[in-house]
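K.L.:
Below you will find the structure I want to go over with you.
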Amino acid sequence: MGALTGFVLGTVLLLLGSETCTAAKPELTVTTIKQDPYTMSKGSQLEGYCMDLLSELAKKLGFKYKVNLVKDGAYGRQDESGNWNGMIGEVVRGEADLAVAPLTLTATRERAVGMTKPYMQTGISILLRKDIVSEDTGFFNFLSPFSGETWLGILIAYLVTAVCICIVARLSPCEWSQPEAEDNHFTLMHSLWYTAGALSLQGAGPHPKALSGKVISCTWWLFVVVLLACYFSGLSSTQSSESTHLTIKGFDDLANQDIIEYGTLAGSSTLAFFKNSNNPVYRRIYEHMERQKSFVSSMDEGVQKAKEGSYAFIGESVSLDLAVARHCELVRAHEVIGMRGFSIVTPLDSPMLKNLSIAILQLSESGELAYLRSKWWASSCMMERAKATSLKAHSLKGIFLVLAIGLGLGVLLALLELSSKSRSSAQEQRKSCCTVLTEELSQRLRTSNVKNARETSDKSKA
């Protein structure tokens, strides 16, 4: 009986002790570093991509945390004696339980601390000013002065003008006085040829004789002159700007020129990539940076030097994408090398490591990481980028409106000319004006009436 009582009391004490330990579970200390948009100050609080990510992970794994900024303002580098500084050093020394920041997953860091599955993929690329670099031109670069919708509007305007000339030439008695006995020179094919001739400033006869046709022709000529002036102006500015620019598409182009200085963040994993690389181009870039001492102490300094011109900043592609989104005068090179990822750091052999990796994968599969990326990397340069490229249709809406008015006026004049002739014929034939007008329209708009009339005339002569 005493043994049973002792067993029960021991079990109760064990359960109470377990609950007490669970209730007294300490909150985790998280170290981070200020870098836009990963971690930023908002009053007395911190916000950004990493803070949102940390919040989502805490919800999934059920832990509490407090965030401290790293004391020495460094990411984490190992010195010659094997000691680590920055956030990596704080985790190694037990001053922090987690490091949540844009920390690149590397073999050297993996030996000292635990690193989760990457929450963001990145690489190394180049940041430059737009006005000192140009992209490679394509085969259809001559179409660049106008946007696609403008070219479509020009094609529609060309076809509608040709159809209007063809219709006016048939309706106007001044252009086609005897539809039953003579051919109409302005067929649809000739109207298309005539309009195309004006578009190329070459001309193609015969020209319209009626006032209605002349109105349409003059309106089309005005449209063409303004259109060609805008086209050649845009093409000239494009060609002249490209002739003064360098073509830097990647690291080969950067290494083979000596006009633009280039550098990267001192003590960063980007610098270590070039230092440890066996690629001769990358080695040349590293040796040049070492020789010129063209390093910067922070990401902001690198972006600022790139904005000032004659400097190319080499850094993480995702960070450079943010700089491009915030600073409209900058552009990132297309080439990305050394693909790697940003990870969360834990102490070596931490029991949280696997759970954090699984939670990150779940956030990636659910689209939460993509949403956070779009939220914090939103660009403010979309309108400016569109404005700086091809002319859009709404920029030329005035001349399109003038053409539409000219076409409408030409067709109206042709109808008035036909109505005037019908009124005179109605008085001579003593018929109603509407009847004669209907007969005239039917005769002029039929394409086979002239051929039938001629065949009948030939038969009667035979």
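Note: Cβ is positioned from N, Cα and C throughout, glycine not excepted.
Remember, TrEMBL labels are computer predictions, not curated facts.
Annotations per TrEMBL:
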- P102, T104, R109, S269, T270, E316: L-glutamate binding site (BINDING)
- C328-C381: disulfide bond (DISULFID)
- 27-379: domain 'Ionotropic glutamate receptor C-terminal' (DOMAIN)
- 37-93: domain 'Ionotropic glutamate receptor L-glutamate and glycine-binding' (DOMAIN)
- 1-23: signal peptide (SIGNAL)
- I248: site 'Crucial to convey clamshell closure to channel opening' (SITE)
- K275: site 'Interaction with the cone snail toxin Con-ikot-ikot' (SITE)
- 151-171: transmembrane segment (TRANSMEM)
- 215-234: transmembrane segment (TRANSMEM)
- 398-416: transmembrane segment (TRANSMEM)
K.L.:
Which residues of the same chain, at least 6 positions away in sequence, have a Cβ lying under 8 Å from the Cβ of R109 (L-glutamate binding site)?
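P.N.:
The list for R109 (L-glutamate binding site) reads G76, I88, L103, M115, V345, given in order along the sequence.
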K.L.:
For the domain 'Ionotropic glutamate receptor L-glutamate and glycine-binding' (37-93), report the average pLDDT of the model, please.
P.N.:
91
K.L.:
When you average the Cβ positions of P102, T104, R109, S269, T270, E316 for the L-glutamate site, which other residues in that chain have a Cβ within 8 Å of that mean position?
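P.N.:
My list of surrounding residues reads Y75, L103, T106, T122, S268, R340, F342.
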K.L.:
Which one is it: of the recorded positions I248, K275, C328, whose Cα lies the shortest distance from the Cα of S269 (L-glutamate binding site)?
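P.N.:
The smallest Cα gap between S269 (L-glutamate binding site) and any of the recorded positions is with K275.
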K.L.:
How many of the residues that make up the domain 'Ionotropic glutamate receptor L-glutamate and glycine-binding' (37-93) does DSSP mark as helix, as strand and as coil?
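P.N.:
DSSP classes over the domain 'Ionotropic glutamate receptor L-glutamate and glycine-binding' (37-93) add up to 20 helix, 14 strand, 23 coil.
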K.L.:
Identify, in sequence order, the residues in the chain of P102 (L-glutamate binding site) that are 6 or more apart from it along the sequence and have a CB within less than 8 Å of its CB; answer 'none' if there are none.
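P.N.:
The answer is Q35, Y38, C50, Y75, M120, E316, V318, S319, F342.
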K.L.:
What's the number of neighbouring CB atoms sitting within 10 A of the CB on S269 (L-glutamate binding site)?
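P.N.:
Total other Cβ atoms inside 10 Å, all chains included: 21.
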K.L.:
What whole-number Å value do you get for the CA-CA distance of C328 (disulfide bond) and T104 (L-glutamate binding site)?
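P.N.:
Cα of C328 (disulfide bond) to Cα of T104 (L-glutamate binding site) measures 27 Å after rounding.
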